[in-house]
Amino acid sequence: MDHTVKSKTADTVSSPCAVVGVFERRRLSPAAKAVDEASGGAITAALKRGDIEAKPGQTRLLTDLDNVKAARVLLVGLGVERDLDERTYRKAVTAAAQAAQDCGAGEATFYLPEVEVKTRDLAWRVQQLAIGVTGALYRFDDMKSEAETPRKPLKKLALGVADKAEAKVADEALAQGMAVGRGMSLARDLGNLPGNVCTPSYLADQAKALGKRFDKLKVQSLDRKDMKKLGMGALLAVAQGSQEEPRLIAMEWNGGKKDEQPYVLVGKGITFDTGGISLKPGAAMDEMKFDMCGAASVFGTLQAVAEMNLPINVVGVVPASDNMPDGKATRPGDIIQTLSGQTVEVLNTDAEGRLVLCDALTWSERFKPKEIVDIATLTGACIIALGHHRSAVLGNHPPLVKALQDAGETSGDKCWELPLDPEYDEQLKSNFADMANIGGRPAGTITAASFLARFTKRYQWAHLDIAGTAWLTGEQKGATGRPVPLLTRYLMDRAGA
């Protein structure tokens, strides 16, 4: 989607559709007031008639208003003015985007960021507009023979700024928000693809394609032979039941100084998870194509970082594999040696994510990271603990955990810290190996992170469990693109952007 900034008032802007906010109790935003005065009170009249009550997310389309250059004016309800908060603002943006597309304008000029949102500045409001519009209009029709396209899709987003002094800030924020939105779309695309298309090799090809787009992005991909030579026994143990070749993918964004330590993101890339010999129930197993959403978020974040040209060094690492039952598959009770040299008794082959991650986390030490964050759809226990609204965050470095929490609050892609006390680590004891790969039913999210913590003692590390936030079920079934907003905001903060 193209985007631009227009330094025009809502009544003078030449646009197929101008989008303005209205509040309950017939209060108008500055843009709505300008249109109302120019048109002889058309908006006030609509409010008096009850055409729109201005409750959050309500919309009403007005056309051919006198003395207004825009062909259409879309009114968007913002609720009570003094109560306008982040959640209400995002709801209004989503509704506005959908209504702007449905009206067939093809292009819309949004004035919503001019309104005051509690504790948030103009840049935040513009970024959230761009992210919200991109997300609201996202469609995944790639696998359909006949795509259900709108009669006239919204192809251009314009941001209306009445105050020219704010145009520069708005322009930069709009570009940043669009980059995050496109990163989320990439993550959603990868997540929504079926397992017979989005294989480990497919992900490696997508990484190479990203590398060709951006000069500062270096890409490498290790195959089974490379992993065997290195001694990645855990990743290979997961992969050995599948005919699909595993891959370990690294994408290095060199936007900072050559000697600056990079921030490393490690994303779980199980492209389809049957559970292996510890086979999952058949119901809803199709959703296990989403088990690579951690990897997808790394792709989306790296693309956003590259589009924004952030002055920071970032490495994205993706251990990619299927987890399949086969005559060669790992059995419950097998003992494997990880890249770190530690041994693991595999009591449950459906706890495979931590196995591919532990080798990737050890391998990532070669980058001499400043901080490492791993992202994984790791445990169903996380859904029980936090539902589908917040991801879980755990780690060995409180300032890093706090930075991720802050990034989540700012972006709206929120996370919640769970403890990582040493007592939980005792649940991983094995009589036959250094550790077991499961710790029983109690505190499943925490014991999974405790397992990973054994491989991250040499650097500052945090773990994001996105099992409850990476995809939706039901009528809106599909990947969400989370936690791309959180990760991108975290890296922007680290880069001072």
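First residue shown is number 1, and so on along the chain.
Backbone N, Cα and C atoms are what each Cβ position is placed from, and that goes for glycine too.
Here LYS280 (active site) comes close to ASP273, THR274, MET288, ASP350: these same-chain residues lie at least six apart in sequence, with C-beta atoms under 8 angstroms from its C-beta. Residues annotated as active site in Swiss-Prot, with sequence analysis given as evidence: LYS280 (among others).
DSSP assigns ARG354 (active site) to a helical segment in the three-state reduction. Around ARG354 (active site), taking its Cβ as the centre, 27 other Cβ atoms fall within 10 Å, counting all chains. If you look up Swiss-Prot, you'll see ARG354 (among others) marked as active site.
If you look up Swiss-Prot, you'll see LYS268, ASP273, ASP291, GLU352 marked as Mn(2+) 2 binding site.
Cβ neighbour count for ASP273 (Mn(2+) 2 binding site) (all protein chains, 10 Å cutoff from its Cβ): 26. Annotation note: ASP273 (Mn(2+) 2 binding site) sits in a strand segment as assigned by DSSP. The Mn(2+) 1 binding site annotation in Swiss-Prot covers ASP273, ASP350, GLU352.
With a cut-off of 8 Å between CB atoms and residues at least 6 apart in sequence, the same chain places LYS268, ILE270, THR271, PHE272, ASP273, ASN323, GLY353, THR377 near ASP291 (Mn(2+) 2 binding site), listed in sequence order. Put plainly, the binding-site residues ASP350, GLU352 were compared by Cβ crowding within 10 Å, and the winner is GLU352. Those same-chain residues not listed among ASP273, ASP350, GLU352 yet with C-beta within 8 angstroms of the centroid of the Mn(2+) 1 site C-beta atoms are VAL238, ILE270, THR274, GLY275, GLY276, SER278, LYS280, MET288, ASP291, ASN323, THR349, ALA351, GLY353. The number of other Cβ atoms within 10 Å of the Cβ belonging to LYS268 (Mn(2+) 2 binding site), over all protein chains shown, comes to 30.
Within 8 A of the CB centroid of the Mn(2+) 2 site residues LYS268, ASP273, ASP291, GLU352, the other residues of that chain are GLY269, ILE270, MET288, MET292, ASN323, GLY353, VAL356, ALA376, THR377.
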